[in-house]
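Chemist: Following this message is one structure expressed as structure tokens.
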Amino acid sequence: MDIKSKSLEELTDLCDTLRDKILKTVSSNGGHLSSNMGAVELSVAMHYVFDVSKDPFIFDVSHQSYAHKLLTDRWNRFDSLRQFNGISGYTKPSESKFDYFVAGHSSTSISLVVGACKAIKLKGENRLPVAVIGDGAMSAGMAYEALNELGDRKYPCVIILNDNEMSISKPIGALSKYLSQMMAGQFYQKFKARVNQFLSYVPDSAAYMAKRFEEGFRLITPGMFFEELGLEYIGPVDGHDLKELISTFTTAKLMNKPVIVHIQTIKGKGYELAEGPKEKWHGVSPFNLKNGQSVNQANQKSATNIFSELLLNLAKKYENVVGVTAAMPSGTGLNKIIEVFPDRFWDVAIAEQHAVTSMAAMAKEGFKPYIAIYSTFMQRAYDQVIHDCAIMRLPVVFCMDRAGIVGEDGETHQGAFDISFLNAIPNLNLVAPRDEESFKNIMEFSYAFDSPLAIRYPRGNFILNNEYKSQKTALAKGEILENGDGSVAFIGYGNGVGKAVQTAKKLNFKPTIVDLVFAKPLDKELLLQIAKTHNKWYVFSDSAKRGGIGEILAGFLQENLLTNILIKSFEYEDTFIKHGKTSVVEDYLSISAEKISNTF
């Protein structure tokens, strides 16, 4: 969409149209609402001032990219947002040439800017990288690693810091606002350059005094930190004032240096309900536009809610139980526990590495730490799991939510890989509940367990709802849930047990159904017992096939020279799994109970 010829009035009308389109689509499909509603004017101003056909537009996480998608080549397809084979909720180059990079995890944008700047310089091209990063993403260390290099290299670029009042403090008083307005004008930037030129000619003593005055001057402005890093700072700027945004971006574009443009926006702008509790409206399921109520009310407790209740009970029972989450208190259910025990449970912002290492120290001091984290974000703390927890065999418990297919968030968020990359770590044990009762037993076991433990559980509900009596959890002990009538064994892990049960109900024979419970260490005694009478093993797990439960069990058979047993796993093939409803995606991957049953 070409908007460069539009008047300010026409651009304002366009913002209203974009906001209406986003609101109606997200209410129907679900998605990230409040951050995108707040970034409409920002996106329009970016497309008006910069050249999206050549300038890399880089959206951190890309929770703020919906308007950008609509302004490029996806207006007519936007109704398919987050649907299978539809528009992704995140930036995705395979979807559009105007999406510079895949996004989904936080705080990568400034590093991408630095890399793009280096490439542009080496290629001798005239392009200007432009990044949008939220104040929440600025809580992660990677952003500061990139800023550190950027301030030293001085590559021309524009970093738009979208402050929607989730992390960064408000500017101080009228003086700060006045100084920021001055800094946003081209006149001030030219004046500042002339002053610096003048200082190069005056005696050292006078220059020193002038420099000291300038440093003191900056102490009362919000950009002091960035300027001390060697970056130009403009702001704060009203992120909903199109005229001011266009003027500010034009100034930044002409500066030929790294510029931080600090804008302030309102999350949920334009939808009164979403302008209220910010966290509630960040990521939403389909909802009623009139009252904001979710369309799909769950009849069964989610795995997240079960975990939250169980951990709260442990915390009430044992005073040494502590916990942490990395910017996901609501998503992991830790928010309810933080309210009750604010001195023992913490949200440490987007800092998975810090979260793990800090809890390792608490374990060393005699506390029992629980780390509530999404499976996909465990990837960000892999070194800390090995170096700071496993080597010393510290009793840290990793509670990994969103294991398996997470649905509409797609490739960057699927919890497919945790079994594969954690199984290789010595001293780390892997366990998964199949339902609420088994989860309760595992959590009770976890408190007394004296080594690192990783518990994985799905987004939403368990497939099973306590249909089978759960045994007290013991290390490396699985369970036989049903004895079959032949030589076929269905071996499930976690929510995969439910899939095994679903599949068995569709068959004309009765397989033996086994809950592995532990992926590491395995219940070798139970597996050897099954091997005596079952020469066909079918494995069910919501995880990657490479390094997954099937390969773990195949390795067990090989080690024990059980070459007569046929083994086949129903896990994810070696591919990144696209977005869409979980049931639709599983059917596409041929791992739904219906598709699996058709293979027998």
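Cβ from N, Cα, C; glycine included.
Relevant sequence annotations retrieved from Swiss-Prot are reproduced here:
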BINDING   H63, G104, H105, S106, G136, A137, N164, Y271, E352  thiamine diphosphate binding site
BINDING   D135, N164  Mg(2+) binding site
Chemist: Give me the CA-CA distance between N164 (thiamine diphosphate binding site) and D135 (Mg(2+) binding site), in Å, as a whole number.
Modeler: 7
Chemist: For the thiamine diphosphate binding site, please report the maximum Cα-Cα distance among H63, G104, H105, S106, G136, A137, N164, Y271, E352 in Å.
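Modeler: With H63, G104, H105, S106, G136, A137, N164, Y271, E352 as the binding residues for thiamine diphosphate, the largest Cα distance is 32 Å.
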Chemist: Once the chains shown are all counted, how many other Cβ atoms turn up within 10 Å of the Cβ of E352 (thiamine diphosphate binding site)?
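Modeler: So the number of other Cβ atoms within 10 Å of E352 (thiamine diphosphate binding site) is 29.
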Chemist: Under 8 Å Cβ to Cβ from H105 (thiamine diphosphate binding site), same chain, six or more residues apart: give me those in sequence order, or none if nothing qualifies.
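Modeler: H105 (thiamine diphosphate binding site) has long-range Cβ partners V61, T376, F377, R380, T412.
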Chemist: Select the most exposed residue of H63, D135, G136, N164, where exposure means the fewest other Cβ atoms within 10 Å, treating these as the binding-site residues.
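Modeler: Looking at the binding-site residues H63, D135, G136, N164, the Cβ with the fewest others within 10 Å is that of D135.
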Chemist: DSSP secondary structure for E352 (thiamine diphosphate binding site), reduced to helix/strand/coil, please.
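Modeler: It is helical.
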